[in-house]
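Peer 1: Handing you a structure now.
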Amino acid sequence: MAPILSISNLSKQYASGFQALKSVNLDIEEGEILALLGPNGAGKTTLISIICGLVKASSGSASVGGFDVVRDYRQARSLIGLVPQEISLEPFQTVMDALRFTRGLFGKRNDPALLRRILEQLSLWDKRDAKTMELSGGMKRRVLIAKALCHEPRVLFLDEPTAGVDVELRKEMWEVVRQLKADGVTIILTTHYIDEAEAIADRVGVIRGGELLLVERKETLMQRMGKRQMRVELMQPLPAIPASLARYNLDYSAEDRSLVYSYEANGERTGIASLFADLSAAGILLRDVETKQSSLEDIFVGLVEDKS
Amino acid sequence: MNFHAVKSIYSFEMARFFRTLSQSLISPVLSTSLYFIVFGAAIGSRIEEIDGVSYGAFIVPGLIMLSVLTQSISNASFGIYFPKFLGSIYELHTAPVSFVEIVLGYVGAAATKSALIGLVILATAEFFVDFQILHMGAMLAFLLLTCISFSLFGFIIGVWSKNFEQLQMVPLLVITPLVFLGGSFYSISMLPPFWQTVTLFNPVVYLISGFRWAFFGTADINLGLSLGMIALFMFVCLGIIGWTFKTGYKIKT
Ligand SMILES: Nc1ncnc2c1ncn2[C@@H]1O[C@H](COP(=O)(O)OP(=O)(O)OP(=O)(O)O)[C@@H](O)[C@H]1O
Ligand SMILES: [Mg+2]
């Protein structure tokens, strides 16, 4: 299947001379959720802005649904919804008017039933007649999402949708994103929160200094790059780690009487079997064993530090 | 062509106008009334008729133009500057619209507003002076053409302005003097020959002269020339807007 969004060799140099994007290539399949992770100033917003028509690329191209975002901008933009990073709404407009305005801009006739469904989904129906300036920050952000959805886009860009949003609302937004995915909408979101990417993304892209360092399925990324940890709980306290176990670099915690062993999940040999053999040779009795995957956060931090 | 978008922009701009209807109307109506009282009644009674028209009536077309020009410019420039200032303009850039729809929506709404204001002032004038409009159709045509071309001009100012000062500077520093020196309060033929020539470089002279002809059938300047000048001004503005959007100048980074 042809990708719904295709970016090739996209570069951007701002008038100031700053190179914000360096030849970015990326394909996104219909229906997937891609999270773009990256520190401040990495170029996430620039990338999105070029696709959505806010910024002109210096070179390279992008197409949505097979339509070039510059040459066939009408068809391309009809497929796109954008929730910008900055909250910018007409203060005197009511929520409903704001939605009707956007839908009109996208060349669609008013559809009260659809707008009602969108507002209800975002818990904004009660606020439909409120002026946007009377809303809280989190509500305003939801209005922006509602506006981006009201012309039924097939690709939705969310530029830091949960920045400055409380924990509960974040969870709600994730729920909305999952529902949209279920409706077949392709979603590209940027975020600083790794747990966010971990919670909702299918694929994760890491961008830094205008370069797309990698794009990978979330599971693959965690498997490939991730370390696993094994925690071994002991029957008796251990006064000191025996010399025979030194090569495993074990951490001992006296508090919960456990040894922690870190190993490469994708390594040829994990060393677990020999560790168990050496433990029993040392006469150490085990009570319980638990293994866990390291989080995207660990991977991300490792990756960004690696390159700098 | 995305007609829904034009309609959307137009009706939301008009909604803003009606939301602030009293403010939109009070100031132009009040200031023109003051002009009529001072120039028409107080001073005008001491001034002779010009081309067979009483002075109070003579200044009506000029006063309407004065308001219509400033209103067109301020409505259109504010209309597009405000979303730029708020940042909500991102919607226009990300929507499947070209500059044609954007201009039709914003300039159409601004021109409609100032035409309405012009008509309200005309009605106000009826209170103060007696006059008849000789060529009703031509009067309306001139009014509309003026509203459209100066709304286009205002739109350019709104797009190019970087801050509120710049937004207000052009109307204040350029338009007001041009209108005052454009024959609102006198006939060009009353000026010394040298100044008559200078005046011909003032585009507003052509507007007011043509507009006044529609009222009283007399004009300082050939009617065709007046129309030609307004048309020229309109096409220049359209050209500048087209170029601005094509190159992304002042619009896109
Ligand atoms: N209009 C502009 N002119 C010049 N430089 C710009 C402009 N807009 C952005 N930049 C620069 O380009 C770089 C990338 O900015 P961008 O907004 O894309 O980053 P980001 O990844 O979205 O960051 P954040 O997480 O803070 O939102 C930054 O260094 C920024 O200073
Ligand atoms: Mg950003």
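All residue numbers here begin at 1 and follow the chain in the order shown.
Even glycines carry a Cβ here, placed using N, Cα and C.
TrEMBL entries are annotated by machine, without manual review.
Annotations per TrEMBL:
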DOMAIN    B:19-248  domain 'ABC transmembrane type-2'
TRANSMEM  B:20-43  transmembrane segment
TRANSMEM  B:55-82  transmembrane segment
TRANSMEM  B:102-128  transmembrane segment
TRANSMEM  B:140-161  transmembrane segment
TRANSMEM  B:167-186  transmembrane segment
TRANSMEM  B:198-215  transmembrane segment
TRANSMEM  B:221-245  transmembrane segment
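Can you tell me where each of these features sits in this structure?
Peer 2: Here the transmembrane segment (B:167-186) has Cβ contacts under 8 Å with residues 39, 50, 59, 62-63, 65-66, 69-70, 73-74, 77-78, 81, 157-158, 161, 199, 202-205, 207-209, 220 of the same chain, all six or more residues outside its ends.
Within its own chain, the transmembrane segment (B:221-245) is flanked in space by residues 98-99, 102-103, 142, 145-146, 148-149, 152-153, 155-156, 159-160, 188, 203, 205-207, 209-210, 213, 251, which lie at least six positions past its ends and keep a Cβ under 8 Å from the stretch.
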Peer 1: Out of B:20-43, B:55-82, B:102-128, B:198-215, which stretch touches the transmembrane segment (B:140-161) the most, going by CB pairs under 8 Å?
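Peer 2: Answer is B:55-82, with the largest number of Cβ pairs below 8 Å.
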Peer 1: Could you name the stretch, out of B:20-43, B:55-82, B:102-128, with the greatest number of CB pairs under 8 A to the transmembrane segment (B:198-215)?
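Peer 2: Stretch with the highest Cβ contact count: B:55-82.
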